[in-house]
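**Q** Structure provided below as structure tokens; questions to follow.
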Amino acid sequence: MQLPRNVIAGPGAIRSVGDLCRSMRLKGRGLIVTGKTTKQIAGDIVADSLREAGYGADFLLVENATMENVEKAEALARELKAEFLLGVGGGKSIDIAKIASTRLNMYYLSIPTAASHDGIASSRASIRHDGETVSMQAEAPLCVLADTSIIVRSPYKLLAAGCGDVISNYTAVLDWKLASRLRNIYFSEYAAALSQMTAEIVVNSAHMIRPGLEESAQEVVKALVSSSVAMSIAGSSAPASGSEHKFSHVLDRIAPKPALHGEQCGVGTILMMYLHGGDWEKIRDALNTIGAPVTAREMGIEDKYILQAMTEAHKIRPERYTILGDTGITLEAAEKVARATGVIE
């Protein structure tokens, strides 16, 4: 079981990174993996805090989460004799730091500038390799440091997408239970309960999640970390990734302009909850209250891609059994579900 040793979320939290590293007994140089914009937003503050605490601090600027950039991070860390890595920014920077540090057998810190998905604290990363985005096993971060005064200034749609990613735990757990019954897959009651409870908290708090409120950012960060912990307990992503994530992964491949991961997972949850015979209206209403998209039009994706994703989703990670079964659903069934839920008109 891999869990972060420390999670700090609050206004101004990023300025304590140097002290946090000392309390974790880290030594030497830190390599900060970040993007051009996030360096200005948070990376420079992280570097200053590290230097004030007596650490060396260097940067690697990246744009995409690719194996090429992972290898660049590894090479630079070796060249600089860095002792630990810090992923500062969105999912791409954190995922690169996550995989590079795992391959180097180093600690890394996760310092998100947005709360858009549960990768900020998980032990899995999405990396582009050989033209495909693959999910890779990694180590969980040593610490997660989420500065809500920075996160709350990020585009609100990122926070809303984070809610969609958490809410998708509902159908992920249902799929996991189904796989356990039909395929004798390992099922952890504790991990499933934590994952479902996390989704329920976000749904029940939907009316309190608003733009510009640090309290909203803090609640979503805690939910994302909790979701990551559920995955760590399970030893897999099953508590937080089921048929709705498969649907999202297909959209990433086929849609000319995919929506955010959490947005697609949120809409996928509406569709898959309908297939499960559950309360899909509750999911839709919560997402709508939060301000996340609930239709293909709101995601900016044509109806035909929604239907194609629904019929092809079962092909993603076929070893993970879901409500879609081994053969998937027909185009006619997909259209019926999508129209019944209002995802397409």
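FYI, residue positions are counted from 1 along the chain as it appears here.
Cβ coordinates come from backbone N, Cα and C, glycine included.
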**Q** Quick check on the annotation: Swiss-Prot has D165, H261 binding Zn(2+), so which of H245, H276 does it put in that site too?
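**A** Of the residues offered, the record points to H245.
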**Q** May I ask you to report the DSSP-based helix, strand or coil state of S116 (NAD(+) binding site)?
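**A** Reduced to three states, the DSSP call for S116 (NAD(+) binding site) is coil.
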**Q** Cα distance, D165 (substrate binding site) to H261 (Zn(2+) binding site), nearest Å?
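**A** Distance between the two Cα atoms comes out at 7 Å.
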**Q** Just to confirm: which same-chain residues, 6+ apart in sequence, have a Cβ under 8 Å from the Cβ of D118 (substrate binding site)?
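**A** Spatial neighbours, sequence-distant, of D118 (substrate binding site): G162, D165, V166, L224, V225, S227, S228, M231, A240.
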**Q** Looking only at DSSP and grouping its letters into three states, which state does H245 (Zn(2+) binding site) belong to?
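**A** Its secondary structure by DSSP: helix.
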